[in-house]
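A.B. asks: Here it is, the structure, as structure tokens.
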Amino acid sequence: METVSVLLFFFLFLLAAEARSTKRTGCKDFTCGEHDFKFPFFRTDMPSRCGLFKLNCSANIPEIQLEKDGKWYTVKSVSQANTITIIDPRLNQSLTTGGCSDLSSFSLPDSPWLKLNTLYKCNNSSRKNGFSYANCRGEGSSLYYNLGDDHDVSGCSPIKTPESWVTPKNGNLSDVNATFSLHIELPGNCFRCHNNGGECTKVKNNYRCVGANTEPNNYHAEMRLGLGIGGSVILIIILVALFAVIHRNYRRKDGSELSRDNSKSDVEFSQVFFKIPIFSYKELQAATDNFSKDRLLGDGGFGTVYYGKVRDGREVAVKRLYEHNYRRLEQFMNEIEILTRLHHKNLVSLYGCTSRRSRELLLVYEFIPNGTVADHLYGENTPHQGFLTWSMRLSIAIETASALAYLHASDIIHRDVKTTNILLDRNFGVKVADFGLSRLLPSDVTHVSTAPQGTPGYVDPEYHRCYHLTDKSDVYSFGVVLVELISSKPAVDISRCKSEINLSSLAINKIQNHATHELIDQNLGYATNEGVRKMTTMVAELAFQCLQQDNTMRPTMEQVVHELKGIQNEEQKCPTYDYREETIIPHPSPPDWGEAALLKNMKFPRSPVSVTDQWTSKSTTPNTSAYEF
């Protein structure tokens, strides 16, 4: 009977494969050199609809093409975070020997996965002092970078290159090489398009699905397939039930052996389905020095996070779920499923996990060394406490909003957006973390009905009142984060007066009464710098829109990103701001400018509903962590 069940399952698999054969023929995972690849990569002998990046595997070292019929680059390494490091060997050889002549004809395709830097190749007669440069030996010219707009660049020619090409050395001297990395981020609907037999194509900055298996003429084929599967499933259930009755006594006698087999199959299931490494409990116990208190990074609502170093030398953050949390397995599986389907530079990377039948449930993340945004804004007795300049705060807001917009485009709601879940790397780049409460929102529904969960001070009042979770719930929480960034105040502070314990209530009250200056942190230069005053007031206005009680009045995260980038453009145009030293150069204020002038055209609700209503939920995430996932 077991053989019959296996054969029936295999038959169903063949039926499903045949239904999509016309769309997926020739598209499969493959090995190229020493690396394994899958979509969005494809081999030269595969159809172009199989991916976005073509790989040539005919030589020992694979090569990649960034655009159709474009130049071939050598692949140096591939990481689990969808980052691929490549090199232009001919140009690199030229640069290594000190020749820069090939740079003049160098160009890269327009790509959202590359950060570009502008180099200036200048005649030695136009030599620049005080800025980093790399000599172009014997060619009568030198190579410079970090030249500001206010410097004379006559006798120089600009060259666009990847940021990673310039490697600082001693003093002002730098090395230039032709090695760079691509961090590839695709929305979830692009992967679904590929899995449905379609071709995901890039059109400007968006992606379009062509030829997915959803045409009306497939109706009868899908009907026949559905009937076949339905009948076969019923037959399989009957056979499995009979098999269970016959072998019940055998299972009781050999329970311990079956338990070991189940653990093995669970590990294999995790490796195959989620495609992430499985760590043993002993390895992570050793990596964290037996979960030493000295390695403690933070305590959260669902677990404790420890610093560790695994066998291959990588620094990691190990999340140890609380044993008393009856939902820990659900949160464990939920976070793995979500993080393995997402790839974005501003989302924390999941390196692996233990088996779900392990002694303890442990999740292994990349280690983010610079703490959380909350640490830097108002943390006490933390190693990361320090002042964030206005330009840094605006950049943090944009990167966080971009990550949330990417989640929403992939039909995922974070549900626990807060400053303790926004981590900062060495360069103060954002990494959004903690997906234990995240939910998948099907594209054909407007909301999901679920009991409110989250952190007090950040929870959408409409979600709390109506039990309707939408992507606008994340928008509300992000509005609180925006207010924290401009005010340097925590989301909840019981030392404030009762009506202003929640920062959202305080912000709405100040903005409606044209008292934004009382809300904004004066250390940012609000009183002395016109540009800072204008931009912080504009962010306050955007936060006010995000905090509307009626979620239909709130913007989408995509609109929030657009508005924040527009504000950043104002910063770049402002002549009163010195970006290198973060110093303020005051100028006289125009007579028609001020927070009242900026906000006077906003249509504020007369009496917004306060979100300070007390409520109790055992499922909430307490705001107690300095490093919380």
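Using the three backbone atoms N, Cα and C, a Cβ is placed for every residue, glycine included.
Per Swiss-Prot, the features are:
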CARBOHYD  Asn56  N-linked glycosylation site
CARBOHYD  Asn92  N-linked glycosylation site
CARBOHYD  Asn123  N-linked glycosylation site
CARBOHYD  Asn124  N-linked glycosylation site
CARBOHYD  Asn172  N-linked glycosylation site
CARBOHYD  Asn177  N-linked glycosylation site
TRANSMEM  226-246  transmembrane segment
TOPO_DOM  247-629  topological domain 'Cytoplasmic'
BINDING   Leu297, Gly298, Asp299, Gly300, Gly301, Phe302, Gly303, Thr304, Val305, Lys319  ATP binding site
A.B. asks: Give the distance between the Cα atoms of Asn92 (N-linked glycosylation site) and Leu297 (ATP binding site), rounded to the nearest whole Å.
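C.D. replies: The separation of the Cα atoms works out to 41 Å.
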A.B. asks: Expressed to the nearest Å, what is the distance separating Gly303 (ATP binding site) and Asn177 (N-linked glycosylation site) at their Cα atoms?
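C.D. replies: Per the Cα atoms, Gly303 (ATP binding site) and Asn177 (N-linked glycosylation site) stand 43 Å apart.
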A.B. asks: To the nearest Å, how far is the Cα of Val305 (ATP binding site) from the Cα of Asn177 (N-linked glycosylation site)?
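C.D. replies: If we compare the Cα positions of Val305 (ATP binding site) and Asn177 (N-linked glycosylation site), the gap is 38 Å.
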A.B. asks: Look at each of the glycosylation sites, Asn56, Asn92, Asn123, Asn177, and point out the one with the fewest other Cβ atoms around it within 10 Å.
C.D. replies: Asn123
A.B. asks: Using only C-alpha positions, which one of Asn123, Asn177, Leu297, Asp299 is spatially nearest Asn56 (N-linked glycosylation site)? These are the recorded positions in the record.
C.D. replies: Asn177
A.B. asks: If you compare CA-to-CA distances from Asn123 (N-linked glycosylation site) to each of the recorded positions Asn177, Leu297, Asp299, which comes out shortest?
C.D. replies: Asn177
A.B. asks: By a simple count of other Cβ atoms within 10 Å, which of Leu297, Asp299, Gly303, Val305, the binding-site residues in the record, is least packed?
C.D. replies: Asp299
